[in-house]
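Below is one structure, written out as structure tokens; comments come after it.
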Amino acid sequence: MSERKFFGTDGIRGKVGSGQMTPELALKLGWAAGRVLSRSGTKKVIIGKDTRISGYMFESALEAGLSAAGLNVMLMGPMPTPAVAYLTRTFRAEAGVVISASHNPYYDNGIKFFSTDGSKLDDNLELEIEAELEKPLECVESHLLGKVSRIEDARGRYIEYCKGNFPADQTLTGLKIVVDCAHGATYHIAPAVFRELGAEVIAIGDKPNGVNINDKVGATSMAKICETVLTEGADLGIALDGDGDRIMMVNSRGEVIDGDQILYILACDAKARGVLRGGVVGTLMSNLGLDLALQALDIPFARSKVGDRYVMELLKELDWRIGGENSGHILNLDHGTTGDGIVAGILVLAAMRRQNATLEQLTAPMEMLPQVLVNVRFEGEHDPLSSDKVKAAQAQVESELGARGRVLLRKSGTEPLIRVMVEGDDHNTVLAHANLIADAVKSAS
């Protein structure tokens, strides 16, 4: 496969106004994508965005480029990423476009595409779009220009879709839930979903102003929701990220429930109902406690590279349905084509209702093992991981940890860093082991 110049593993992303994230590139990208997508299908594209102030600028640029290529554009306004995937499917659009940088600060933004079935755009189509980007922009004749319309009921459609994932014979009546929307795309969606299902909802992070997305709130900043759950005496908390494709939860004691624990809940519930197909896909960073807890239930577990794209690839390869990352990207292919924080939360709440259990009770059988991550900077072209000294240190630690421990060494994809991760039963022991390997890496670099 050819090297991609613009598209990364999750579309195009960067600081607004520099590099690739400029209005000029967005316009040209819209045109190039339009040229590729107009070769077949409905010639209809949906655009959604999160709440960043730059979203308006990029939306206008993409809209102009797509129209210049002859495609009709349907605007959703601020909507979660999984909502774009869902409505792309239901409108039979040729593609969906999301303008978002997910959990990044407001001064970053990104553009990614969904195919007509709501899945990430095929690599080959991305390469075709990149090839068109190299060509001069040529507008279609005036009578062939695309038209632009707005999906006025996008919010209501997606709210009903989310609620449809909860058992029809159950409600959330009696539950007090704190919902943190990260001042992002779910601010006008998530609180309504859980309220309409019967819960008492305390919403935080629900007042976006264009520059406060993910600012000390949301799934990557859990302190505020943990505090709010305790002060409000809530049963649990649900924290979403800026574009709504990631979830973290909080139990009534104010303790964080991460993506690994959510996967455990969903797998146990699916097995109890006899609907678990195969096993569960995690990543190289998934806690060993998840692996061991699933083993105890005879549920297979497989690890992919880090990134929800790779989780999806392995799910499809194994023909399994449930997978995700400890960071909160949760995939359940029986309930959607992409990570969806609101739907994942609904599925956990459904498990609680079916089993008449609290979040604490559902996670109790899974023991999260202490995990230490040490980053070691190195210089030069030499790969420290090929050093005999590093290999010997790793072998020594793995031998001492045995079956209830794990070592992972990997290079950062963006910086000259070696990431040393060690898991085991005792935090102090794990920390000592991680430092032992880190020292070996330093001496080898």
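Count begins at 1; order follows the chain as displayed.
Just so it is clear, glycine is given a Cβ too, placed from its N, Cα and C backbone atoms.
When S102, S386, S387 are compared with the Mg(2+) site residues D241, D243, D245 in Swiss-Prot, the one appearing in that site is S102. Just so you know, the Cβ of S102 (active site, phosphoserine intermediate) picks up 28 other Cβ atoms within 10 Å once every protein chain is counted.
Cβ neighbours of D241 (Mg(2+) binding site) (same chain, under 8 Å, six or more residues apart in sequence): S102, H103, A182, G184, N214, G218, A219, T220, G328, G341. Of the chain residues outside the Mg(2+) site list S102, D241, D243, D245, D50, P80, T81, S100, H103, G184, A185, L240, G242, G244, R246, G339, G341 have their Cβ within 8 Å of the site's Cβ mean position. DSSP gives D243 (Mg(2+) binding site) a coil state; it is part of no helix or strand. Of all the binding-site residues listed here (D243, D245), the one with the fewest other CB atoms within 10 A of its own CB is D245.
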